[in-house]
2 protein chains.
Amino acid sequence: MNVLKYPAKTEWSQIIQRPHLEVTELKKTVETVLDDVRVNGDEAVFRYEAKFDHATLRSLMVSEEELKEADGMVSKDLKESLLLAHHNISRFHENQRFESKHIETAPGVECWQKSVAIEKVGLYIPGGTAPLFSTVLMLATPAKIAGCKEIILCTPPNHDGKVHPAILAAAKIAGVNKIFKIGGIQAIGAMAYGTQSVPKVYKIFGPGNQYVMAAKQMVGIRDVAIDMPAGPSEVCIVADQSSSPSYIAADLLSQAEHGTDSQVLLICISESIVNRVLREIESQLAVLPRRDIASKALNNSKIILVKDLDEAIELSNMYAPEHLILEVDRWNLMVDKIVNAGSVFLGRWACESAGDYASGTNHTLPTHGYAVAYSGVNLDSYVRKITFQHLTEEGVKSIGQAVVTMAVDEQLEAHANAMRIRLNDIE
Amino acid sequence: MNVLKYPAKTEWSQIIQRPHLEVTELKKTVETVLDDVRVNGDEAVFRYEAKFDHATLRSLMVSEEELKEADGMVSKDLKESLLLAHHNISRFHENQRFESKHIETAPGVECWQKSVAIEKVGLYIPGGTAPLFSTVLMLATPAKIAGCKEIILCTPPNHDGKVHPAILAAAKIAGVNKIFKIGGIQAIGAMAYGTQSVPKVYKIFGPGNQYVMAAKQMVGIRDVAIDMPAGPSEVCIVADQSSSPSYIAADLLSQAEHGTDSQVLLICISESIVNRVLREIESQLAVLPRRDIASKALNNSKIILVKDLDEAIELSNMYAPEHLILEVDRWNLMVDKIVNAGSVFLGRWACESAGDYASGTNHTLPTHGYAVAYSGVNLDSYVRKITFQHLTEEGVKSIGQAVVTMAVDEQLEAHANAMRIRLNDIE
């Protein structure tokens, strides 16, 4: 890891640069597959499953039998862990329910918002080396709580045309309605446009490789809403002399093992802690199964020494990390100063893994600095707030003349007329 | 207007088709201008202002003197109307403030959300025939309430390099920090990338022509968040035998005058009301200043007779209108059935103009069927909800083992380690 000692603030914007994300090269492939799925539906999806996932499928939807079979293949320990995580995620997201307030903005004018679930949502769960069942819980649990009627999930099958049993178990616990064995661009296309087997959805959630990311971007422009733009996962840890070097090293490594493009940042005010962290990283890394990935990620990563915790938070806010760990005893003095972050972990016991799996917060979070403008997935992500207004005759008297004046000045006479005709009937 | 009498439900999806939006043709122009602004900053902006807005500017920012001068040019009536509208919009949006709840999801695990304003937002107000000062109030008022620190506004100047005084007056009332005389693609580019004069913002709001829309789409993919995808404005009116034909006609026309691509839909259960509405439209249209625009919009528009109000709401939900007016006495029986709409107007006195200007609800709403997945602009649009979690030693005991189990099953050993190392210290 690169250690930067007390850099000048003028260098900060350079220090927090993320690696550039380039997806335009993939654009042709992505467009071709999306168009094909839009026009040819299931037939195209089967074809791409054979081509990209090397799976010859007879049907796209996971059957009741497959669900039952999977249930028997998941260990009791894992099942209990999934239930515990689901319970905590449910508790946190249930408490995000919106309570509508009726507001009389002027005499006779009553306005309110109503939270209504998005009727159909699609969740994407990537395949690859490990089955991301935790993401199934994170995306489906709030969808169910919000009241989405159709919650579908697409995930690539293995070469035998099967989906990992833990993904199926998590989907069942969280309340997914239909699961499809579809991966990559073709999954995003199927959910965005609908096919004979796959219902069209209104919003697509979930992580994926650069092809999935590019496909979500493309359908997100016009066809369907998406959760947020994507980028590699990242963590920023703030530490002082009270911090535990071994905990910091473990937390940095837990982020670094995600992928070679992961970025980890340690902002510290104690040089002796930094030196001990470096030694701890070395010894912990040596025994990690994914040490090749993690050590590559560490090469992109930085340790920055700053003069005090205020500067540390200032730099962290500028970076806008997906995950921020305040691994210090005095975290309570710093919480109010955080303005840009996805999810924040407070104190020595709150490691990122806690929130990745089971604390109850969502782990689908804005990466790549998007935290300056985006929230992580939460109950709001699955609803719309429709506004309502009711006017009485008194309401027309309260605001009618102002509406007419403004409409006339905007040269919209028909807008003025719609109010004038009512004003005339009242007077 | 096309009148469709009791069409079969199988025809509905055809009936509610919107005109296709095509922006790919503009793509080249938009990309060229955006790139130019990104690379050349102010110099490019000045050049495009001369080229597209025919304005030779000495400075991009509206000066204090210009603001003062504008103040004297706005009539007392308009100023009072702006203040009344601002008051109502403030009241409604202030009441959307989020109250954080701390939730103990498991013993020793405490999670909460904190709502934090997006620090820098940019508002775009189009030029053209009429000054859209109402949109200034709609976009800047909630930004101010949310606590955005930097609220900037771009709007094209006229040929003399001036901005309409009513826009400046509204901006002052609503709390805009800086106003720039920049229109079109170059405005979107300046706010997305920043220039010597214009600060880079994190989210861009506001309507615009197809070039602005395409530019927002493009920067929205990666550079900056945007409020929502855009399309032509539209209204759906639901009517029965209790409805007033002259009010309905006035409301349809108030939408139709927006532009030739506006769409208005009347869903009615009474044939005699429909016939009277058609006659009313004819007589009201004849005296409208914007009758050419309105009558072209009416050509794209439809009146649909259905058998009862349940069917009317079913069809409206399928259409997912930007504005929905329930111009019926029994609206209270229908409110709960509405699942897809931007803003809803209840009863005979709640014309769309009321919400366009002064009821307090926001008039920046999802068009083109986007209401199935998007909310209109509201206080949430200007904030992020950052999640926090704090664990005690008891918290680690509550969830630690589940985290380790799941991490191991996802083959993420470093994730498991980060929790194991803490569990070991406790036990």
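Heads up, the Cβ atoms here are built off N, Cα and C, so glycines get one too.
Small disclaimer: the values here were computed from a predicted structure and weren't measured.
Taken from TrEMBL, the feature active site, proton acceptor applies to B:GLU322 (among others). Proximity of B:GLU322 (active site, proton acceptor) to non-local residues of its own chain (separation of 6 or more, Cβ distance below 8 Å) is seen for B:SER233, B:GLU234, B:VAL235, B:ALA341, B:GLY342, B:SER343, B:LEU365, B:PRO366, B:THR367, B:ALA371, given in sequence order. A coil conformation is recorded for B:GLU322 (active site, proton acceptor) in the three-state DSSP classification, outside any helix or strand.
The active site, proton acceptor feature in TrEMBL is assigned to B:HIS323 (among others). Sequence-distant neighbours of B:HIS323 (active site, proton acceptor) (same chain, six or more apart, CB under 8 Å from its CB) are B:SER233, B:GLU234, B:VAL235, B:CYS236, B:GLN255, B:ALA341, B:GLY342, B:SER343, B:VAL344, B:PHE345, B:GLU352, B:GLY355, B:LEU365, listed in sequence order.
The Cβ of B:TYR124 (NAD(+) binding site) has 27 other Cβ atoms within 10 Å, all protein chains considered. The NAD(+) binding site annotation in TrEMBL covers B:TYR124, B:GLN186, B:ASN209.
Per TrEMBL, substrate binding site is recorded for B:SER233, B:GLN255, B:HIS258, B:HIS323, B:ASP356, B:GLU410, B:HIS415.
In the three-state DSSP reading, B:HIS258 (substrate binding site) counts as coil. Same-chain residues at least 6 positions away in sequence with a Cβ under 8 Å from that of B:HIS258 (substrate binding site) are, in sequence order, B:PRO232, B:SER233, B:ILE293, B:ALA297. What TrEMBL lists as Zn(2+) binding site is B:GLN255, B:HIS258, B:ASP356, B:HIS415.
Secondary structure from DSSP puts B:ASN209 (NAD(+) binding site) in coil. In sequence order, B:VAL33, B:VAL37, B:ALA44, B:VAL45, B:TYR48, B:GLU49, B:PHE52 constitute the residues six or more apart from B:GLN186 (NAD(+) binding site) in its chain with CB-CB distances below 8 Å. In sequence order, B:HIS415 are the recorded positions among B:TYR124, B:GLN186, B:GLU322, B:HIS415 whose C-beta falls under 8 Å from a C-beta of chain A.
The separation of B:TYR124 (NAD(+) binding site) from B:HIS415 (substrate binding site), Cα to Cα, is 44 Å.
For B:GLU410 (substrate binding site) paired with B:TYR124 (NAD(+) binding site), the C-alpha to C-alpha distance reads 46 Å. When the Cα atoms are compared, B:TYR124 (NAD(+) binding site) and B:ASP356 (substrate binding site) turn out to be 17 Å apart. By neighbour count, meaning other C-beta atoms within 10 Å, the densest spot among the binding-site residues B:ASN209, B:SER233, B:GLN255 is B:GLN255. In sequence order, B:SER134, B:SER254, B:HIS363 constitute the residues six or more apart from B:ASP356 (substrate binding site) in its chain with CB-CB distances below 8 Å. B:GLU410 (substrate binding site) is surrounded by 20 other CB atoms, counting those within 10 A of its CB over all protein chains shown.
Neighbour count (other Cβ atoms within 10 Å of the Cβ, all protein chains): 30 for B:HIS415 (substrate binding site).
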